[in-house]
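In what follows, a structure is listed as C-alpha cells, so that the remarks can point back to it.
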Amino acid sequence: MKSIIHMPTLAVAMTGLGAAFINVIFFLYYMKVFLNFYKIEERYLNIAQILFMVWNAINDPLFGWIQDVGCGKRCRWVMSRRKVILYMGPLFSASFLLFWFPWTTENPAWMVGLHLLVALFLYDTMFSLVLSAYCGLFTELSTEHSDRVRVVIYMEVSFLLGSMIIFPVDKLSRNLQDFHVFQYICVAAAILSALCFLYSGWFSPGEVAQVQQRLELEKLRGEDAVSIDDKEKHDSLGKRAQTGLTSSWAIIKERDFLCVVLGNFFRVMRLIGSISFMTIFVETLISPSGFLPLESNSLSLFYQLCGSLPSIGFILMWPALYKFGPWIVNSFQGLLACANCVIALFVGRHNPVWLAVFILAENILARAGAIGVYNMFLPAVIEEDMERHNRKKPLSTLIFTLNALITKPAQSFAPMIVVFFLNRAHYELFNDIKQAERAQNITSINVTQINVTSTTMMSYPLSTMSPSQYDQLYDSMFLIACLFPLVCAVMEGLLFLPYQLKFRHRRQTIAAE
C-alpha cells in the first residue's frame, strides 16, 4: 500500500520546519528589539549592516564551493548535505539566541552595535551552511517537475507549522512588554528547531537524483559508469579550487541565472521590508486609532495571520504551480502586489482598517512562494547549466550560494533604507518618547488627545513632539509602507522579462510521461 506521506520528502522538509521556528521570530522581531529595546543608533546599525553585507558576499559562495567541490580529505563531510544539517543544525539554533540577550545592562551605543554585528555574523554563517545544504537536498531529491512541486508544498507546510509560533510569542510576551517571557520562548523555539535539524540529518536521503540518472544513461549507452566521488578522490585541492572558480564564472555569465538572482534580490528586499517593519508600521499607523490596539488578542491574531496565510495561500496555488510553472505564478503575484500598493496609496491614508488589509495582503503576496517559487526557478537553471556545460553532476549548492551572494545584501539594504527614511521623519524621537512613557507607566489619561489628521485621533504628549512632527512621521511611514514594496515588485517583474526558461517545466512533464 502506497504511503500518503513521502518519507524522504518529509525528512528534507523537517529542515524547513526547524528553520521556520527561529527565522519567523528573527525576522519579525530583531529590528524591533534593537531599535526599541536596545536603542541602537543609526550609524552603528549601518556599520553593522554594511560589514554584515561584506561577510555575506564572502561566506555564501565560499560555503557553496566547499560543499560542491570539497576542501580536502579531512573535511569530506561538508560535501554531504545530510551531515552538514546533522552537525551544524543545532549550532544554527544556538546562534539564534544571541539576539535576545543583551550583553550589558547599560547598553552603550558601541556595545549594542557590536552585539548586532556578532549576532548577525554567527547567525548568517550557520544559516548559510545549513540552508545551502537544504537547498541542495531539495534540488537533488528528484529531477521530475511533479516531485519538485510536492517538495515545495511540503516545505510550505513546514513553514506554515513553524509560523504558528507567532501568536503565542506575541500574546504571552504582551507584544514584547514582558521581555523575559519572550526570551524563554526563544529558548524553547531554539530547542524545537535543533530537534528538527537532527531528524532531517539522520533520515534525509543521500543519493543525488541527477547523478543516478546520468549513470543510468551511461550504462544504457555502454559507457563505463564510474561514480563521481571515485573520480574526484584523485583531484588535488588546487584542481578543485580552479574548477570551482571556472564553474562560478561560467554560471554568473548566464542570462537566465542573472534574471533569477536579480529578480530574487528585489523580492528579498520586499520580503524583509514587509516582515521586519510590520510590527513597527502596525503599532504606529494603526493601533493608535483604536483598531488592533496594543496588547490585544486581535493584534496577536493579526500577526499570526500575517505569518500563516502566506503559506496557506501558496499551498492553494499548488495546482496552478504544477500546470503553469513558477514564472506565470510569480508574475501574477507581482501584478497583484502592484495593484494592492496603488489602491492603498489612494484609500489607505485615512482608513486604518484598509491599511491593515493592505499590510496583510502585502505580507501574503510578498511571502507566499518567495522561497518555494524561487526554489523551482533555480533547479531549472542548475539543470540547464549541467546540460549546457556537460557536467558530470549538478552544481546545486554552488548555484544556490551564488544566488545568495547577490540576494543576501538585500537583507541589509532593506532595513538601512527604511530606517534612514524613518529617522528623517523623527521616528527616533517618537521611539524615545514611547520608551519614557513605558518606563514611567504613563497611561493614556496623562497625555493629551490631539487631532493630527482630519480623520485620525492620536494620543501624543504635546511637550515633546509637535502635531506637525507626528503628522510628518505618519505620512512618511505610510509612504514607505506603500512605495517600498511597489518599487521592488516592479523591478522584479522587469528583470524577468529576458528569462528564457519560462516553460522548461513542460519539457520535464513531457519527459516524465
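Backbone N, Cα and C atoms are what each Cβ position is placed from, and that goes for glycine too.
Per TrEMBL, transmembrane segment is recorded for 12-31, 84-103, 109-139, 151-169, 181-204, 257-281, 301-320, 327-347, 353-377, 398-422, 477-497.
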TODO: Quick one: find which recorded stretch in 12-31, 151-169, 181-204, 257-281, 353-377 has the most Cβ pairs under 8 Å with the transmembrane segment (398-422).
DONE: 257-281
Task: Remote residues contacting the transmembrane segment (84-103) - C-beta distance under 8 A, at least 6 residues beyond either end - done: 15, 18-19, 22, 25-26, 30, 33-34, 37-38, 67, 77-78, 111-112, 114-115, 118-119, 122-123, 125-127, 129-130, 133-134, 137, 182-183, 186-187, 189-191, 193-194, 196-198, 200-202, 204
Task: Which of 12-31, 257-281, 327-347, 353-377 contacts the transmembrane segment (181-204) most, counting Cβ pairs under 8 Å - done: 12-31
Task: Result, the transmembrane segment (327-347) in contact with the transmembrane segment (151-169) (3+ CB pairs under 8 Å) - done: no
